[in-house]
Every structure is written in C-alpha cells, then in structure tokens.
C-alpha cells in the first residue's frame with residue numbers, strides 16, 4: 001500500500017476517494033451548485049493538490065510523455081487568454097481551469113494506481129442506475145407522464161430538484177456514460193449471479209432513460225460505444241447476454257418505430273445552419289482564434305439565437321484557432337491509439353477506456369461544446385476516459401520496466 005507510515009497522506013487519499021464519489025454523485029443529489037463546488041474543492045481538488053505536492057511518483061507521471069500533449073494544449077489555452085484581446089477569460093481564470101484539469105487527471109491517476117477507481121465507478125454506476133430507474137417510475141407511473149414520446153423528454157428524477165439536469169442532453173450524457181461503463185463491466189468481468197442481475201437492471205434502466213431524453217447524438221454515441229464493447233470482447237460466456245440484448249433492442253425498436261422515424265425526420269435540429277454560420281466566419285478566427293471562452297454568437301432568426309457552435313471541436317477551433325484544434329485532435333488521436341493497446345485490456349479498467357472515449361468523442365460532435373469550464377458532466381464525459389487510458393498505460397509501462405529489471 002502506498003504511503004505506509006504516513007498517516008497524513010493516507011488520510012488525504014481516503015478523502016480524495018470519497019471526494020471523487022461525492023463529486024460525481026453530487027451532480028444528482030447536491031441541488032445547490034455552490035455547495036457542490038465547495039464540497040468538490042474540499043474533498044477532491046485540495047486533497048489532489050496536496051498529494052501532487054508530496055507524492056513524487058505522481059508528479060513524475062504527470063510530466064511524463066504520456067501527458068505531454070495534454071499539458072501543451074492547456075499551456076496554449078493560457079497563452080491565448082494572455083495574448084488574445086478577445087478572450088473572455090483572464091489569464092488567471094484560464095490558469096485556474098488548467099490547474100483543475102491537471103488535478104482531475106491526477107485524481108484518476110492516483111485512483112487507478114491504488115486500485116480504487118473501479119470500486120468508485122461501480123458504486124457510481126449502481127447509484128446512477130437506481131436513480132434512472134426511479135426517475136422512470138416516478139414520472140411514468142406516479143406522475144402519469146408519457147415519457148416515451150418526444151413531447152415529454154426526460155431530464156430529472158421528478159422529485160424535488162434532485163437529479164435535475166435541467167436539460168435532457170446533459171442528463172443523457174450522464175446516464176449514458178454509466179450505461180456504457182456498466183455494459184463493459186458486465187461483458188468483461190465475472191460477477192456473482194446477484195451482482196449480474198443488479199448490473200443488468202441498472203443497464204436497462206440507464207438505457208431506457210437515455211432513450212427517453214430523445215438526445216439523438218447521445219443515442220449514436222451510446223450505440224457505437226456499446227457495439228465496440230460487444231465486438232471487441234465477444235466470447236462464449238457473453239453470448240447469451242448479447243443475444244438477449246439484441247432481441248430486446250429489436251422488440252423495442254419495432255414497437256417504437258413511428259417515434260424513431262419521426263426523430264430521424266427532424267434532421268440536425270438547426271445544427272447544420274449553425275455550422276454553416278461558423279464556416280462563413282472562419283476567415284476571422286482560423287489562425288489566432290476569437291479568444292479563450294469567447295462565445296460563438298449566431299441568430300438564425302429574430303428569436304432563435306445561440307451562443308455556442310454545438311460542437312466541441314468547432315467551438316474549440318473558434319476560441320483557440322488552428323493551433324489549439326491541432327493540439328486537441330493530436331491529444332485525442334494519441335489517447336485513442338493507446339486505448340487500442342490490447343495488452344492494457346488485461347489490466348483492471350484497461351478495456352473500459354476505449355468505449356468511453358468513443359462515447360465522449362461522438363457526443364462531442366453534437367451535444368457539448370466545452371471541456372474547459374466548471375468541473376461537471378462534460379468533464380466526466382471527456383477527461384475521465386482520457387485519464388483512465390493514460391493512467392493505465394503508465395502502470396503498464398512501469399510494470400514492463402520492473403520485469404526488465
């Protein structure tokens with residue numbers, strides 16, 4: 001065990017572990033945003049900072065080649081905030097955001113290294129699954145809402161302000177993330193029969209919730225991530241689960257075919273027009289960017305105005321220019337290649353990075369626009385898979401060096 005004989009660091013690690021769970025579960029149950037921020041700072045980011053200061057191996061891992069492109073991208077965003085007069089974030093604010101990202105990745109690194117992340121994510125997965133099931137029951141039975149039609153898009157628990165994301169897309173991202181995680185765990189790990197039943201119920205509840213949000217970009221990312229897991233980890237033991245899931249999907253698709261056809265007919269919901277407007281302005285910002293945190297303002301008609309590009313990569317390009325986009329894409333390409341390393345799949349959580357990364361990248365094309373703001377759902381979707389992949393690769397490299405020695 002790390003930190004043997006050092007009570008202070010062991011205590012900090014324990015607080016960090018609890019803080020990680022509290023931060024993500026708090027998105028459901030801590031209804032006061034400022035309180036959630038305070039708890040996250042006190043139990044997650046401050047302990048992470050303390051451990052970064054006193055844990056030399058952790059510091060060395062964060063400045064290793066694995067994190068080089070991530071570090072360069074963050075440094076570049078700070079430079080843009082400093083030099084670009086159009087930036088809405090000051091250099092101090094941008095530096096603080098970059099520091100928070102580093103601490104977030106450090107947290108994942110620590111939890112992976114100490115073998116605690118899988119337990120944390122399992123707890124969060126079951127919590128999310130039970131909450132999704134409760135949301136469906138409360139709103140479809142107790143409140144008698146027709147949640148399976150697009151007029152009543154699901155985004156909250158339906159009880160007070162708990163688990164209320166105020167937006168069906170954000171709710172779909174949160175629950176979809178854990179649906180992908182749970183499916184991968186069920187397919188790649190061995191559990192007791194009771195645990196299998198619990199995980200299966202949670203996956204079903206999460207999948208139904210994602211459907212009831214009618215967030216079609218999340219549908220696409222969810223389907224591709226699930227299919228990736230099924231294709232890469234198919235074996236005789238998992239065959240019955242895949243067949244059962246396929247049969248259930250076919251039955252549901254047939255019964256809801258008119259609704260699905262109607263959703264397809266909606267097209268891109270004005271995103272194509274927003275992207276056309278972005279392309280028309282590209283000459284003004286392609287080189288240096290419009291500035292850190294600068295909003296992409298566009299009005300399609302008198303009462304249809306938007307303040308972002310509805311695409312993470314287009315928005316990042318708009319704010320930080322071609323260099324910023326190249327750095328982000330380079331980082332993602334490197335992480336994606338590392339997630340395909342089959343040797344790492346033999347490690348705990350070694351195979352979960354790829355489907356979660358696919359989910360995060362695909363949904364970034366349609367459903368979220370920033371990963372450099374307040375820590376929240378977007379950070380979980382984007383930075384958590386990246387952190388898992390990088391941390392797993394570091395541990396594998398460390399084990400290889402020990403074997404050689």
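Going from the start of the chain as shown, residues are counted 1 onward.
From the backbone N, Cα and C atoms, a Cβ is placed for every residue, glycine too.
Listed in TrEMBL for this protein:
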DOMAIN    203-328  domain 'O-antigen ligase-related'
TRANSMEM  7-31  transmembrane segment
TRANSMEM  37-55  transmembrane segment
TRANSMEM  67-85  transmembrane segment
TRANSMEM  91-112  transmembrane segment
TRANSMEM  119-142  transmembrane segment
TRANSMEM  162-183  transmembrane segment
TRANSMEM  195-211  transmembrane segment
TRANSMEM  217-234  transmembrane segment
TRANSMEM  241-261  transmembrane segment
TRANSMEM  316-336  transmembrane segment
TRANSMEM  348-366  transmembrane segment
TRANSMEM  378-396  transmembrane segment
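Same-chain residues lying 6+ beyond the ends of the transmembrane segment (119-142) with a Cβ under 8 Å from its Cβ atoms: 17, 20-21, 24-25, 28, 111, 148, 152, 154, 156-159, 163, 174-175, 178, 181-182, 185, 198-199, 201-203, 205-206, 208-209, 212, 349. Taking every recorded stretch in 7-31, 162-183, 195-211, 378-396 and counting its Cβ pairs under 8 Å to the transmembrane segment (217-234), the highest total belongs to 162-183.
Below 8 A, the CB atoms of the transmembrane segment (91-112) and the transmembrane segment (7-31) form 3+ pairs separated by six or more positions in the chain.
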